[in-house]
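Feature list (source: TrEMBL):
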TRANSMEM  41-60  transmembrane segment
TRANSMEM  72-91  transmembrane segment
TRANSMEM  155-174  transmembrane segment
TRANSMEM  221-242  transmembrane segment
TRANSMEM  262-282  transmembrane segment
TRANSMEM  294-315  transmembrane segment
TRANSMEM  321-344  transmembrane segment
TRANSMEM  351-372  transmembrane segment
Amino acid sequence: QLFISIVFFKAIGSHCIRVKEPHETPEPSNFPLNSTESTRFAYGIAANMVAVLFYGSALVPVKRIETGDGMFFQWVTCAAIWLTSMVGYLVLQSTKFQPFAMLGGVIWATVVTVIKAIGISLGFLIWGSSSLLMGWASARFGWFGIAAQGVAQPVLNYCGAGLCLLSGLLFFFVKANVEIQTNSEFVPLLFDQRTHLGSYGCGQTSSEFWIDVVGPKTRRIVGYLLAVLAGLLYGSALTPILYIKNHSSSPDSMFYGATNYGINPCCGIFATSTIYFAIYCAAMNNRPRVYSRVVLPGIVSGLMWSIATYCWFLANNYLSSVITFPIVTAGYGLVAALWGSLVFKEIKGSANFLIFSIASCAVLAGSLMTAISKL
């Protein structure tokens with residue numbers, strides 16, 4: 001059933017990739033209900049909600065699994081992302097491959113370290129806020145060579161994006177309770193204990209990652225900085241695709257006629273992660289830390305991420321990126337925060353819960369205002 005749902009979203013993806021410029025003649029749609037703006041708005045919001053749910057839950061399968069330094073887990077996840085996109089590419093019989101769109105996938109990295117440093121809830125929320133700022137601003141003001149996107153009610157859009165950003169600042173004051181996994185059953189497959197002892201000292205277990213041995217304050221600061229950096233990079237990941245879309249209708253452009261970009265960032269993700277993993281293996285003298293328990297969770301995470309990304313493409317077609325960026329980036333952070341606080345008990349204490357609740361309300365209010373600004 002999961003495989004069928006993946007193929008279904010790939011088929012939907014073919015309708016979300018084409019963005020019509022104001023001077024273009026509207027093209028007939030295969031969706032019979034796309035004739036009115038209200039229906040398009042409903043489709044866009046529905047696609048946004050699926051993207052929010054799957055993005056926010058994508059790393060839940062690996063939360064309680066030891067990932068070591070995270071390099072093998074990242075490679076498995078990226079392989080699953082690439083395979084999922086290949087299914088869509090073959091089913092849709094997509095048009096010419098656009099290498100420039102791979103740049104968005106090259107930007108994608110850093111996730112496991114952030115989770116280890118400050119937890120799944122704060123990690124998602126903080127990098128979601130910085131991603132929101134970068135993605136929304138580049139779409140709204142036309143940064144990096146893409147066309148600026150307007151909305152019907154700009155003041156409401158500014159206020160909504162501002163509230164979403166404010167929520168990220170509030171989350172800085174929430175202290176997460178992140179436990180380090182020390183269970184002896186988490187042993188890597190290809191890591192030699194003798195080499196490990198010589199490199200790190202006999203006082204550490206084979207599953208320790210560098211972030212596990214630093215103090216709580218240092219861990220928190222490093223986690224925040226990495227989360228902000230990751231968010232700024234994530235916010236730029238769709239810029240190459242938006243650039244191609246803006247130039248696909250110009251006969252003088254090298255991107256003229258380009259219609260499908262779903263596989264391009266996924267190829268960039270897999271190629272980059274493979275290069276990183278090869279460099280990592282060489283640096284480890286061909287003794288990488290390969291944890292068998294992360295394989296299935298990594299595949300599931302990759303599938304969820306791919307589905308969420310195609311739904312986001314779909315939402316961008318029905319709405320616009322200046323609308324979807326605040327909703328998706330703030331929304332999936334809230335979903336991850338609910339996982340972290342309610343299931344994994346990362347947030348404890350009345351003061352933390354109060355700040356967390358206020359910030360969550362700001363996310364919801366900001367997302368609602370941003371969505372309404374389209375009407």
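Here, residue 1 is simply the first one shown, and the rest follow in order.
Any Cβ shown, glycine's included, is placed from N, Cα and C.
Note: TrEMBL annotation is automatic and uncurated.
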**Of 72-91, 155-174, 262-282, 294-315, 351-372, whichever stretch has the most CB pairs under 8 A to the transmembrane segment (321-344)** = 351-372
**Request:** Find the member of 41-60, 72-91, 155-174, 262-282, 294-315 that has more C-beta pairs under 8 Å to the transmembrane segment (351-372) than any other listed stretch.
**Result:** 155-174
**Stretch of maximal Cβ-Cβ contact with the transmembrane segment (294-315) [cut-off: under 8 Å; candidates 72-91, 155-174, 262-282]** = 72-91
